[in-house]
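Asker: Would you mind keeping the following structure in view while I ask a few things?
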There are 2 protein chains.
Amino acid sequence: MKTYKGYLIDLDGTMYKGSEEIAEATRFVSRLREKQMDYLFVTNNSTKRPEEVAAKLQSFGVPAEAKHVITTSMATAHFIKERDKGRSVYFIGQEGLKVALEKEGLSYEETHPDYVVVGLDQEVTYEKLAKACLAVRNGATFISTNSDRALVTERGFLPGNGAITSVVEISTGQAPIFIGKPEAIIVEQAMERLGLPKEDVVMVGDNYDTDILAGIRAGIDTLLVHTGVTKKEHLLNVQQAPTWVVDTLDEVPV
Amino acid sequence: MKTYKGYLIDLDGTMYKGSEEIAEATRFVSRLREKQMDYLFVTNNSTKRPEEVAAKLQSFGVPAEAKHVITTSMATAHFIKERDKGRSVYFIGQEGLKVALEKEGLSYEETHPDYVVVGLDQEVTYEKLAKACLAVRNGATFISTNSDRALVTERGFLPGNGAITSVVEISTGQAPIFIGKPEAIIVEQAMERLGLPKEDVVMVGDNYDTDILAGIRAGIDTLLVHTGVTKKEHLLNVQQAPTWVVDTLDEVPV
């Protein structure tokens, strides 16, 4: 198996399972650290700040700091700033999105925003969605942090951000720009941060439909690990196989 | 133009425009009343009780009582009762739906309901949607009162029930049974209440995509009136034209 200089790594199902450590993943990142390889954790979780994401990884012994994390909220805020077509945003979302937008110098505006951003918000209400619909119909560019259909919780599968986003999409007839995996946007931003050529970077994840597709769309190699969502039999029907497939990250040379 | 014995009549855009009377419509129903023809108002509004719907019509001088009204909430409750496959319901919705379900003797159940019903709820929250998703994944039959994408208000177009319903549909991957127009279900129930053969009944409305399609799907004649949504040019591209098209209901003989 080829070794790389930069590793983009998914979180849930790859680095841990909910609140459980995946020991092979902790060892894998520790080995990357020893060899001074670059790595970034790339997550569709829009609700957490990068410090919180890093703290959870640290609790499992993974060498991770905030600078190793890119969330869909950060990617969304960066996307808006780079686009340079207005800086006012009406958003539905939690702390992670609020902080990310502020860090990029974007301002909050309810009635005539340049952008409407929908991120996961477990306090979402009809009124919040109504404001989003009005602003999109009023010409705001419609962005969604990610299209995940379900949120895995101890209670079961709750509505994911893709499901919440659909309210605005169905009501206005406007499709959003999605930023998170399986879109290439978040991966391209992660690559920009690493500053490495495409052939030196690999996307590592457990979910073919998000992690691996995002890597494929961004034109980089991909590594699927069978510690999470995608089972071996799912790979029989995919259009393009991952570059590499392993049972655990212990099998991956660095 | 043929005359009928029974008339199924839409409300907004046909009988009134928001808070404005349509005088021709008031005269039309008064003529039906004089000739002792049967009529029923058929509405996708799930939030109001039939008494409230009748009161609004009365305020414009339309001869209407609660017995002349069938709402999607009433049709939904009746559908569940007739189906006879369980009587417990978890619902998202307002007063009109709550009362309609109670009137059919259906009970409220949050965790293991036989049915999940989604109707328009301007107080909808993530938690209400989460409960609906969990129950549908748990095997409850998923019903939506209607698929309207937008709610016309003085503020603009707010999310309609079809948009709210999409959260549960997208998140669970389960398509709901829709009861309201353009589905035939609500029209078939209205016909049952009139007790007339199909050839004696006509569906009257201003919206091709809801009223007229519902009539066509129920196999009855249809009458489009140009006082609301559907303009003449929209009819050029439809698969099946309405049986009759008029500018105002003054043109319709009874």
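Cβ coordinates are placed from backbone N, Cα and C, and glycine is handled just like the others.
What TrEMBL records for this protein is below:
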BINDING   B:ASP10, B:ASP12, B:ASP206  Mg(2+) binding site
ACT_SITE  B:ASP10  active site, nucleophile
ACT_SITE  B:ASP12  active site, proton donor
BINDING   B:LYS181  substrate binding site
Asker: Nearest to the residue listed as 'substrate binding site' by Cα, among B:ASP10, B:ASP12, B:ASP206 (binding-site residues)?
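Answerer: That would be B:ASP10, nearest by Cα distance.
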Asker: Check each residue in the chain of B:ASP10 (Mg(2+) binding site) that is at least six apart in sequence and keep those whose C-beta is under 8 Å from its C-beta; list them in sequence order.
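Answerer: Sequence-distant Cβ neighbours: B:PHE41, B:VAL42, B:THR43, B:LYS181, B:MET203, B:VAL204, B:GLY205, B:ASP206, B:ASN207, B:THR210, B:ASP211.
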Asker: My understanding is the cutoff is Cβ-Cβ under 8 Å with a sequence separation of 6 or more in the same chain; which residues meet that for B:ASP12 (Mg(2+) binding site)?
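Answerer: In sequence order, B:GLY18, B:THR43, B:ASN45, B:VAL152, B:GLY228 meet the Cβ cut-off.
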Asker: Would you count the other C-beta atoms found within 10 angstroms of the C-beta of B:ASP206 (Mg(2+) binding site) for me?
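Answerer: For B:ASP206 (Mg(2+) binding site), the 10 Å Cβ neighbour count is 23.
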Asker: Per DSSP, B:LYS181 (substrate binding site) is which: helix, strand or coil?
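Answerer: Assignment for B:LYS181 (substrate binding site) reads coil.
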